[in-house]
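Annotated features, as they stand in Swiss-Prot:
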TRANSMEM  16-36  transmembrane segment
TRANSMEM  342-362  transmembrane segment
TRANSMEM  369-389  transmembrane segment
TRANSMEM  396-416  transmembrane segment
TRANSMEM  440-460  transmembrane segment
TRANSMEM  472-492  transmembrane segment
TRANSMEM  537-557  transmembrane segment
TRANSMEM  863-883  transmembrane segment
TRANSMEM  888-908  transmembrane segment
TRANSMEM  911-931  transmembrane segment
TRANSMEM  968-988  transmembrane segment
TRANSMEM  998-1018  transmembrane segment
Amino acid sequence: MQVLPPGRTGGPSRLFIMRPVATTLLMVAILLAGIIGYRFLPVSALPEVDYPTIQVVTLYPGASPDVVTSAITAPLERQFGQMSGLKQMSSQSSGGASVVTLQFQLTLPLDVAEQEVQAAINAATNLLPSDLPNPPVYSKVNPADPPIMTLAVTSSAIPMTQVEDMVETRVAQKISQVSGVGLVTLAGGQRPAVRVKLNAQAIAALGLTSETVRTAITSANVNSAKGSLDGPARAVTLSANDQMQSAEDYRRLIIAYQNGAPIRLGDVASVEQGAENSWLGAWANQQRAIVMNVQRQPGANIIDTADSIRQMLPQLTESLPKSVKVQVLSDRTTNIRASVRDTQFELMLAIALVVMIIYLFLRNVPATIIPGVAVPLSLVGTFAVMVFLDFSINNLTLMALTIATGFVVDDAIVVIENISRYIEKGEKPLAAALKGAGEIGFTIISLTFSLIAVLIPLLFMGDIVGRLFREFAVTLAVAILISAVVSLTLTPMMCARMLSHESLRKQNRFSRASERFFERVIAVYGRWLSRVLNHPWLTLGVALSTLALSIILWVFIPKGFFPIQDNGIIQGTLQAPQSVSFASMAERQRQVASIILKDPAVESLTSFVGVDGTNPALNSARLQINLKPLDERDDRVQTVISRLQQAVDGVPGVALYLQPTQDLTIDTTVSRTQYQFTLQANSLEALSTWVPPLLSRLQAQPQLADVSSDWQDKGLAAYIKVDRDSASRLGISMADVDNALYNAFGQRLISTIYTQANQYRVVLEQDTEATPGLAALENIRLTSSDGGIVPLTAIATVEQRFTPLSVNHLDQFPVTTISFNVPDNYSLGEAVEAILAAEQSLDFPTDIRTQFQGSSLAFQSALGSTVWLVVAAVVAMYIVLGVLYESFIHPITILSTLPTAGVGALLALWLAGSELDVIAIIGIILLIGIVKKNAIMMIDFALAAEREQGMPPREAIYQACLLRFRPILMTTLAALLGALPLMLSTGVGAELRRPLGIGMVGGLMLSQVLTLFTTPVIYLLFDRLSLHLKRRFPRQEEEA
């Protein structure tokens, strides 16, 4: 029995059907706006969601971690803690360096944060040590964000000190000026300097001290104003030879006289041109190098920034000698571009598959062209809105457009199928278009707004995850909205002009065969549907079981935060015993580097040893392993990491921690592994008590891998205990003691050499090669009040102690970070549960506070809001459907399709070994919007048949199911094929796209089968319930 359409006159589509020229030009305008907008859209890996972050670095060479903490970090933290909009403040105080990282609220502009930081630094200046070589320097950069570009500068003919000087003045400064660059660091520590190495025995023999030498040097090298002479006729500027420029000048410097004979600096010290810090070194593929790391500002577009650097590099390298080679070792934009290209290909493949399925069902070229035009028009038109909203072409927006391919064609399919049905019945194309479009208009509006309603909760997600998916949700919603407009305007107009009874009746052998196939399928479906309607309670039991199963799967499926991406770059930390020297650490780094470079997947390697703003201690080395492009290696990054760690396990005395770089960086500190867990206390003593037991328990957990802590309190220290009474009797102050020690062992920067292009330091130290270790303290001499020379050992004793290698703070309190990775056979959710269980078993005191950080903290936050996100999507859709249908009952019938989609998605994820992460959850939310389309198409026609033809509910829903079977199948397959390329993705960034495709394909497959039977049964059950309520509560009939 055929359901007859109501007599309508085209509704909102009538104007566009009757005015084809205006409609065509309107669509051309949308197309041109999208094409123009596409050209202005920037390209990036992900939407820009970085927290405004500023790093403040203060260098104090020779200072211990305790001194750096109390003299530099603490005063700065007190001022920074008063800034408004500050989200988190972390600091690391190591030997000679203080690094404070300030993370602000997402809503605070970075420029405003910069002004607050500068004001806080100015306020703290008076509290900082007076002998700081340089004031605190801030950079608009997140230290945990990997460099966007790494360059290695090498030379076999020129000393590395000269190479660094050229690179710093000619290359690094120019790159720093590029828009979007936050910080350019030169790893390698080869800044030119004049190094003065005192001979302790020679000084002692001459009755001098290191302080005498320091004072002589600082007094002999000055660069200050001298004034000018203003005569009656002319003015003369005064200058003098007050500066010493070379090591030879310093060798000839007279530091004292003895018996009338001059004592020159060269008599008591070796003076040479060298590096400012001899305990820093960088290597590129085992060759000594200056490694230039370029980091972007938070929020800057990585592609634009890298392109600008690439454009200026040829000009910059031309200014360097030919023997100096500049090599780009890593460029994160290479993988970003490859990932975007792969996603663009998947988008085009999805479009092709969707058009193919349309032709398969319609078996008519003109009828296929119409939705074939609607798809690209809807997608391209979206670009214009994206430009207006300052979006970018990134993996998430392209994923949204790929998924939208299956969505946007649905509306056109529903319109074409309905109009074609009237043409086949003998209606004229124009009359059929008016009648079909008018009849289906409300359905299109229902489909569109109910689907957009699902996306509304994504727009209100908080914190960084909400920012991340805002572009995804808005892009998808815009594409769907444009699709609805196209389907109600262009599609019926084209149907009126391109379709005819003859074109639809024209069939070839394939068309006839496929028609017979579909007729048989519909007949089989009709027979099964009759049986199902005869056993409604059994079908209802199946529907309820899917709901129960979806809840069970939701609870037990492994959960994660964000897929681990293979971006072709691995960040590594090499850990050695805490008392290791620079030379020993450099040799261990060389051994490990030679092993890593032998791996077939590795293309290049940079490594760094020493203490600076990113590396807290000498016993740590930083590595960056650059892999070959994905199509040139056999293994993904996680496999390569496992292989490298196994290979390095054979090197004694080192531990290697590796993690792949990610496009999404939430952390604010450089970590050894992917995830972090912190312990915070009021004192370092409390941490020293509780960190070891917790660390040992976590290392025994199978859910965790590479567990380590940054708590290092076994560094060797020489504690010099001065007899203050004896020192006072001799007229020696504690300042005299500190100065003597600093002069000998602190690589003290005692003077500055000024040139037209740069400034260079004079470094003072004691030559310890003859007397290494603690014996060098016996050579320290002090001057008493009567001018006598007093050895340090006469007034002090030396004790060996252990000391922390660094002191870390979080929001001004001591903290230690436990880093961990998750093994392949476990999920982040299971790892988090294991950590919480270990924490509870230890029963921490109240002054110990624990918290996950970075990605693991974001995972906890996202996990807590996931259920509410799904509930909000369902509630939003119920409200929209209730308003559209003016009914409390029919939206429930439509929403009854959701459990089947949830079960299908969760089963697919489980079978594929994929975690339920935020990407997969977005897929499930989209399924909520997709699968209800089946029910809407059925219920709309059933209600029309009841209302306008007087059919009983069972006959109405039965006929509606048969009548809408083909468009339901078409739209579901279109959505499925739109997601299929994502599920089968294998290229760069596939880890990000695959969970979305798996969840959607699995959910669509199962829901397509079940909802064809469960929806009509639930429709009839609710119809009976409605009648029962009307009889029992006749006064509420209208409300029901």
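Every residue gets a Cβ built from N, Cα and C, even glycine.
Among residues of the same chain six or more beyond the transmembrane segment (440-460), those with a C-beta under 8 A of the stretch's C-beta atoms are 11-13, 407, 410-411, 414-415, 418, 466, 469-470, 472-474, 476-477, 480-481, 483-484, 487-488, 869, 872-873, 876-877, 879-881, 884-885, 894, 922, 925-926, 928-930, 932-933, 936-937, 940. Taking Cβ pairs closer than 8 Å, the transmembrane segment (369-389) reaches residues 27, 30-31, 33-38, 40-41, 347, 351, 354-355, 358, 397, 401, 404-405, 408-409, 411-413, 416, 471, 474-475, 478-479, 482-483, 486-487, 490-491, 494-495, 498-499 in its own chain, all 6 or more past its ends. When each of 888-908, 968-988, 998-1018 is scored by its Cβ pairs under 8 Å to the transmembrane segment (342-362), the top-ranked stretch turns out to be 968-988.
Just going by CB pairs under 8 A, the stretch in 16-36, 396-416, 472-492, 888-908 that sits most against the transmembrane segment (968-988) is 396-416. In this chain, the transmembrane segment (888-908) does not touch the transmembrane segment (16-36); fewer than three CB pairs sit within less than 8 A of each other, excluding pairs fewer than 6 residues apart. A Cβ distance under 8 Å defines the sequence-distant neighbours of the transmembrane segment (472-492), meaning residues of its chain 6+ beyond its ends; these are 10, 12-13, 16-17, 23-24, 26-27, 30, 47, 370-371, 373-374, 377-379, 381-382, 385-386, 389, 391, 396-397, 399-401, 403-404, 407-412, 414-416, 419, 433-434, 436-437, 441, 444-445, 447-448, 451-452, 455, 458-459, 922, 926.
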